[in-house]
């Protein structure tokens, strides 16, 4: 509560005390109420001559205190980021009725030469803005070159600016360094970055501001060194600014690479503690121009808006002759299929728990009613505007002829009727019966503890005949719906056994949300007689024998196969002087297409994307990717973990090679082993046997050819049928041919963590690189006494490893998090083969290093296959799910900006104090001289036509008393089903996301979650036609920003029912998650007149 009050106080300061020297005018507000599910909005309007006057203050009667921004015709910017105070908002009735403009022309329109508003816009009288003393305020400097401006005396603030810009902020680079090859620069860069001092203490309220440019499609950013920001030119480019290390990168969405600002020449302006930066980015004549300057900031940098603008103006008009003071890069863009439509600027302030997104609309290229839909989606914090846009059109029952459909993929319009029927159809009766049974059990297993004021689990004393009957019915339904037959031939428990098993699982996951508990109660292990033996049959790793010196000599004397393409690339040899000359023309303009081409050479297969990059990787979050179609496997009651880990690894390699996803047959590999059925199912093995079987048989059929059921493991290898597909084909096993001393392993490479004990960062970087290149890595871990049927999986576990691993899994991704102690750390995302309902949707997370006192790392060994794969006979037909990772132009069809689920978490993490984390954008390391083979230790209002405004979970920001926060955040009459460990009081008052931190547990211990719970307020600003509208979304946990969905964004037409809508979302998400539009599905199930789930 203290932190919540702190957030409110700071926001009040931000909105009430941020003085801006521009005009202030009065304009009607729009939006829902602030009591929950609505939006406070702030409308910013420009006058004909860019001047206006202040009229009144924000108050509870509904009047809004608004601040107009300078008219871009008179100044360099059409908007500033100064915040204004807010009162409670009015209704939408005050807004003019939406009109349907003509269809936008395909070409990029130029900015209007006059700032006079159109007839449909409110026009305010032309008045000269005056200061408190009555003096006129001179217009801000023009964006045009100085020669076109009327000379005027230099003011004192201008003198400060000129003085700040005149002195270079960092030592100049010598001519010798300027002429040095890129290879040399790349070698020097890491060491320079590593020696940097901690960044300066940034301003508690403001550490960065952004402004829209007048004459070009672009923005200006000014801030203190140490901030991490991003600028997105939708729908084509994303720019990264990691100012701590003076790193700027460009990521074209039409290609999966990142281009470094220092690609051609070293950056001269280096950020340092106590310094500030100015960054200009805009597009002119199909040329992307970036300008970067570091300077000593004046004391009134953010207190006086004029100072910031003058500094930015001075940087923006830098000529080529002055490039020695300002770093300038120009990139010729390839031919794009549509113009730039908007620019987003993203920043974070971890000290205040704030995220801010500004959305600048560049041109009116979309009809007004369509624009309102996208604006509402944005103001509710959606990371995928397109999905929200689809949902809104479906809820509005829009006809296929509706003009808004032209901004969505054609598949939705073509399949509109089918989509609607799917949402209206009934679920399978047995499936519904199981969901109902689980709901009854969850309600039965918790009782209100009046003394502790919370819900607590029942005990055996509360066991009765009603519960006994429901437990029997529950397991009966589970067995009938168990397509993997894991309960077949198994000894089922009686009602007492089931009660104890379920009670243990609920204790271990005591703080899990109800939605996740629904999934966990689908785990068939709960119905077993002896649940402790459940995991024993699922382990099955036997380490291969150590390679002897004789075997090493034999391997080195054999004729080697071709090397893996990943090993052929020496990163430092990719860029020589001749190649660089071809990239830059005589005018110093870099050809982006050629720069992209060379950047791709860093890996033949890896494409950097918002779903997998150097900081974060989870390709399963990208629902259009090939890899996301690889399902979680259930190995059943056989010790075949080694087989399923190898199978998944092979399938991700196929996706990364562009051959598409065809599910391979695990049963074929199991039955073609030269062992008996009992030995195969009970004794276990390792990935080397997987490769030996395939290399010998030269065949691997589809799962549909020879489907897997654990009870069908027989030890009898089938004869391939004529209609079977061979996924193995002419695949070759390659030698590991890394540089330096090594043991040659044929078909695989082994990384043992014990040999990296003195340099675990190298081990971690190697595994991350392999995941980026091959989609996954096979890993050996210890599960006995640590991981069992009740393991949580959603929360990051901090566990040690063991010298004798017993299980094989796949590392499929990684990411960063902030620990309870405030330390920046990283985790592995691991996939198991124990079914979708184990862990968290079949996966779990572990800290990459584990506790400080660990003798062994949690990852005992990592293995990757080294194979030269050829496409199978069916890889070019419609049966194979193509690799959308390598068909990025298909994703570019989206009109709206799309972000990954990790986008805001990454933004916050990189701004989090400490800054000690490794840069997420730096290039791969050169591991050529490392021994990696294991022999050395040196190594979101109208029910009929809903157009609600942004979700509001904060107080009226024009009035700042603390009690208003309680009014805005709570509804005393609202009812909610609390999570198991939530107090009754907290549940009643909660109107935000319950992203509870749960226990990272084991079968024998119930350790607390190691991840810090951080409350976040997301401020969203939509700027269009010189008007600004604000939205607010509050998250109880930073991790909520990482989810594909969050029920906190559920919208209620009656604010009193917000908690009810949120609860409905949590309880029914599992039914709708696979629908074309889950939000539409939920809205249809709930009834369209009550809740709206398009923003979820």
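For all residues, glycine too, the Cβ spot is worked out from N, Cα and C.
Positions annotated as compositional bias 'Low complexity' by Swiss-Prot: 77-97 (among others).
Annotated compositional bias 'Basic and acidic residues' per Swiss-Prot: 102-113 (among others), in sequence order.
The feature compositional bias 'Polar residues' is assigned by Swiss-Prot to 123-147 (among others).
The compositional bias 'Basic and acidic residues' annotation in Swiss-Prot covers 149-161 (among others).
The annotation compositional bias 'Polar residues' is assigned in Swiss-Prot to 925-952 (among others).
The compositional bias 'Polar residues' feature in Swiss-Prot is assigned to 964-975 (among others).
Summarising the annotation, Swiss-Prot assigns compositional bias 'Low complexity' to 976-1006 (among others).
The N-linked glycosylation site feature in Swiss-Prot is assigned to 92 (among others); the stated evidence is sequence analysis.
According to Swiss-Prot, the N-linked glycosylation site annotation covers 204 (among others).
Residues or ranges marked as N-linked glycosylation site in Swiss-Prot (evidence: sequence analysis): 607 (among others).
Following the DSSP three-state reduction, the secondary structure of residue 637 (N-linked glycosylation site) is coil. Annotation source Swiss-Prot lists N-linked glycosylation site at 637 (among others).
Reduced to three states, the DSSP call for residue 662 (N-linked glycosylation site) is coil. Residues or ranges marked as N-linked glycosylation site in Swiss-Prot (evidence: sequence analysis): 662 (among others).
Residues annotated as N-linked glycosylation site in Swiss-Prot, with sequence analysis given as evidence: 671 (among others). If you take the C-beta of residue 671 (N-linked glycosylation site) and look for same-chain residues 6 or more apart in sequence within under 8 angstroms, you find 680, 713, 714, 715, 716, 717, 718.
Marked as N-linked glycosylation site by Swiss-Prot: 712 (among others). Look at residue 712 (N-linked glycosylation site): DSSP puts it in a helix. The Cβ of residue 712 (N-linked glycosylation site) lies under 8 Å from the Cβ of 667, each of which sits 6+ residues away along the same chain.
For 892 (among others), the entry in Swiss-Prot reads N-linked glycosylation site, with the evidence type sequence analysis.
Taken from Swiss-Prot, the feature N-linked glycosylation site covers 951 (among others).
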To the nearest whole angstrom, what is the C-alpha distance linking residue 637 (N-linked glycosylation site) and residue 662 (N-linked glycosylation site)?
25
Counting across all protein chains present, how many other Cβ atoms fall within 10 Å of the Cβ of residue 1039 (N-linked glycosylation site)?
24
Given residue 1039 (N-linked glycosylation site) and residue 662 (N-linked glycosylation site), what distance in Å do their CA atoms have, once rounded to a whole number?
33
